[in-house]
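Per Swiss-Prot, the features are as follows:
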- 1-62: topological domain 'Cytoplasmic' (TOPO_DOM)
- 63-83: transmembrane segment (TRANSMEM)
- ASN64, ARG119: CDP-choline binding site (BINDING)
- 84-93: topological domain 'Lumenal' (TOPO_DOM)
- 94-118: transmembrane segment (TRANSMEM)
- ASP111, ASP132, ASP136: Mg(2+) 2 binding site (BINDING)
- 119-125: topological domain 'Cytoplasmic' (TOPO_DOM)
- 126-150: transmembrane segment (TRANSMEM)
- GLU129: site 'Increases basicity of active site His' (SITE)
- HIS133: active site, proton acceptor (ACT_SITE)
- 151-160: topological domain 'Lumenal' (TOPO_DOM)
- 161-179: transmembrane segment (TRANSMEM)
- 180-190: topological domain 'Cytoplasmic' (TOPO_DOM)
- 191-207: transmembrane segment (TRANSMEM)
- 208-222: topological domain 'Lumenal' (TOPO_DOM)
- 223-248: transmembrane segment (TRANSMEM)
- 249-265: topological domain 'Cytoplasmic' (TOPO_DOM)
- 266-281: transmembrane segment (TRANSMEM)
- 282-293: topological domain 'Lumenal' (TOPO_DOM)
- 294-316: transmembrane segment (TRANSMEM)
- 317-329: topological domain 'Cytoplasmic' (TOPO_DOM)
- 330-339: transmembrane segment (TRANSMEM)
- 340-346: topological domain 'Lumenal' (TOPO_DOM)
- 347-376: transmembrane segment (TRANSMEM)
- 377-402: topological domain 'Cytoplasmic' (TOPO_DOM)
Amino acid sequence: MGLAEGLAARMAPHLYIQEPLSAQQLKKLEEHKYSASGRSLVEPPMQVYWNWLVEKVPLWLAPNTITMVGLLLNVLSTLILVCYCPTATEGAPFWTYLLCAIGLFVYQSLDAIDGKQARRTNSSSPLGEMFDHGCDSISIVFVNLGTIAAVRLGTLPGWMFYCCFVGMFMFYCAQWQTYVCGTLKFGIIDVTELQISVTVMFLMTAVCGPELWDYEIPFTGLPMKTIPLLGIIGGTVYSCSNYFRVILSGGVGKNGSTVAGTSVLSPGLHIGLVLLLALMIYKKSTTNLFLQNPCLYTLAFGFVSAKITIKLVIAHMTKSEISLQDTAFIGPGLLFFNQYFNSFIDEYIVLWIAMVISFADLLRYCISVCLQIATHLRISVFRISSNQAAEQVQTQKQKLTD
């Protein structure tokens, strides 16, 4: 057992960590085989870079370690920017935007090669697939934060709310689609295109300053930030139309159900509840809670979204039902009931409490599920074990890819 796993195991009793997966789920997990189809627009040229990059990685480095390093760089660089721009209306030093560009590009690169490293070292396992998607669900929250801060979307409150939550929704829908049809489907415009576009946006802000996005587009009267907004809207329409075409066409289960034999619409309740609570609390706040604290607000709900997305990924891999009852909703619930009782506690204080609870709940769940799966498969989370799980990769793609 590695240092990180050993530390997590020693912390487990103090964090009240329980094993979240049943014996039946673990058995189904062993039988899971990764299946993906399609390719995005920039993937072919990027494959050349990814194949070159993975050859530079030492064989002793575990795939999950690669992903985690990328995620930490992405998160830390975004948090530095957020410290300068807590309301997404401020400017920040040029190096913070440059740092975000580097952090996101490094994450994209490392996230793209972790699967290649797993196959290269014969260390592919269901844990790696779950870990990869789990990191993506957290990264998307911070990509949203970096985007609104870089283009100063705080000057357009309604659009800022949209951009904060639409990324979480689309990533959840991608996993929802997989839960229905059993195959992860990549579109022409997908997450790689999003990450590269946001990286370019960070670089433009670093070179030209955040004032760039406030300049007026000639003959339109619209600010420059309208351009990335239109891109986000177009991407949302394109991606969601693809997702829901698959979802509404019926699943691979009995009578067109999901892989778990449940209704294809049932996962919509979870993300729907997150978005509904976020919107209601935003609109009903007497202190403009979201407008005054958009980054903190997004984190509080983003951690909830990340957890339910991870649980949906696991539900797909274990062919099991995803329950609506979840401790992830405690934080948003506190905000809702505080408003219901006329905000007898300062909303800002409750928001901090909700964010801490949501983060702690996500951390507890991630640690417990990783340790449980690793123990069951007799592998290490952050090291390449001598006793690795058997290769369980079945791909319909014609090249190596995640």
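Cβ atoms are placed via backbone N, Cα and C, with glycine included.
The model shown is predicted, which means the values in this text are computed figures rather than measured ones.
Features per Swiss-Prot, on structure.
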residue	record	DSSP (3 states)
ASN64	CDP-choline binding site	helix
ASP111	Mg(2+) 2 binding site	helix
ARG119	CDP-choline binding site	helix
GLU129	site 'Increases basicity of active site His'	helix
ASP136	Mg(2+) 2 binding site	helix
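Residue counts for the topological domain 'Cytoplasmic' (180-190) under DSSP (helix as H, G, I; strand as E, B; rest coil) come to 2 helix, 2 strand, 7 coil. Across 63-83, 161-179, 223-248, 294-316, stretch 161-179 shows the highest tally of CB pairs under 8 A with the transmembrane segment (266-281). Separating the Cα atoms of GLU129 (site 'Increases basicity of active site His') and ASN64 (CDP-choline binding site) is a whole-number distance of 9 Å. The recorded positions listed here are ARG119, HIS133; among them, HIS133 has the most other Cβ atoms within 10 Å of its own Cβ. Ranking 63-83, 223-248, 330-339 by CB pairs under 8 A with the transmembrane segment (191-207) puts 223-248 at the top. Between the transmembrane segment (294-316) and the stretches 161-179, 223-248, 330-339, the greatest number of Cβ pairs separated by less than 8 Å involves 161-179. The highest tally of CB pairs under 8 A with the transmembrane segment (126-150), across 63-83, 161-179, 223-248, 330-339, is held by 63-83. Taking only the Cα positions, the spacing between HIS133 (active site, proton acceptor) and ASN64 (CDP-choline binding site) is 11 angstrom. For the topological domain 'Lumenal' (208-222), the model's pLDDT averages out at 91. Reported as a whole number, the C-alpha separation between ASP136 (Mg(2+) 2 binding site) and ASN64 (CDP-choline binding site) equals 12 Å. Counting only the Cα atoms, the space from ASP111 (Mg(2+) 2 binding site) to ASN64 (CDP-choline binding site) is about 9 angstrom. With a cut-off of 8 Å between Cβ atoms, the residues of this chain six or more beyond the topological domain 'Cytoplasmic' (180-190) that come close are 34-41, 43, 174, 235, 238-239, 242, 246-247, 250-252, 258-259, 264, 316, 396. The 10 Å shell around the Cβ of ASP111 (Mg(2+) 2 binding site) contains 23 further Cβ atoms across the protein chains shown. For the topological domain 'Lumenal' (282-293), the residues of the chain that approach it from at least six positions outside its boundaries are 86-87, 154, 157, 161, 335, 339, 343, 347-348, 351, judged by C-beta separation under 8 angstroms. Here the topological domain 'Lumenal' (208-222) has Cβ contacts under 8 Å with residues 91-92, 94, 97, 150-152, 155, 228 of the same chain, all six or more residues outside its ends.
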